[in-house]
């Protein structure tokens with residue numbers, strides 16, 4: 001006599017209901033796109049921001065000799081096996097995540113030490129919105145290396161809100177900070193370096209350029225350039 005097997009039927013309808021009730025997680029970039037107009041209008045309501053310039057800052061030859069030292073709240077690290085000198089704020093002002101947004105500053109090779117002297121008061125400023133940055137040790141790179149002819153400074157931007165978002169105030173401070181860096185270099189008649197093919201910049205930026213390192217690569221391309229120019233963070237910096 002054949003044994004009757006129980007009829008087991010999986011109720012897929014109930015699974016579909018559960019799945020449909022789970023909200024789709026937006027990426028940090030998508031959230032920034034969705035909030036673009038709000039942030040754009042809020043940024044324009046803030047007055048000009050004036051950064052307190054740090055005093056008693058090290059010069060370029062000093063940081064090339066340091067191994068690890070604390071200066072103006074920044075830990076400076078210079079390892080012999082690295083072509084970069086790294087600076088990281090001990091108590092970060094922005095508590096969010098790094099979502100790939102960064103700036104390069106490109107200087108003529110022979111003027112990098114002077115450019116550092118001009119910018120160091122801002123880079124070490126307690127008002128600086130940049131918690132982490134690095135600079136090329138020019139003694140360790142070849143004449144024509146990518147970070148020898150340009151992109152000697154890298155400024156890393158961190159978010160300050162939940163879900164890796166930026167507040168309008170932080171975006172405003174970053175915009176103003178970039179303007180100060182540019183104007184200080186221009187006023188001192190520093191010669192620009194070769195800005196990276198991987199980056200984008202508006203016509204009025206002579207030294208600073210932008211890249212999101214999570215959605216681009218170092219080689220660059222027309223497609224990548226177009227994509228970076230459409231990045232909401234970049235647009236909020238220049239528009």
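Glycine is treated like the rest: Cβ placed from N, Cα and C.
For 104, the entry in Swiss-Prot reads active site, proton donor. For residue 104 (active site, proton donor), the number of other Cβ atoms no farther than 10 Å from its own Cβ, over all displayed protein chains, is 22. Following the DSSP three-state reduction, the secondary structure of residue 104 (active site, proton donor) is strand.
If you look up Swiss-Prot, you'll see 134 marked as active site, proton acceptor, on the strength of similarity to another entry. A sphere of 10 angstroms centred on the C-beta of residue 134 (active site, proton acceptor) encloses 20 other C-beta atoms. Taken residue by residue with DSSP, residue 134 (active site, proton acceptor) is part of a strand.
Residue pair residue 104 (active site, proton donor) / residue 134 (active site, proton acceptor) shows a Cα separation of 10 Å.
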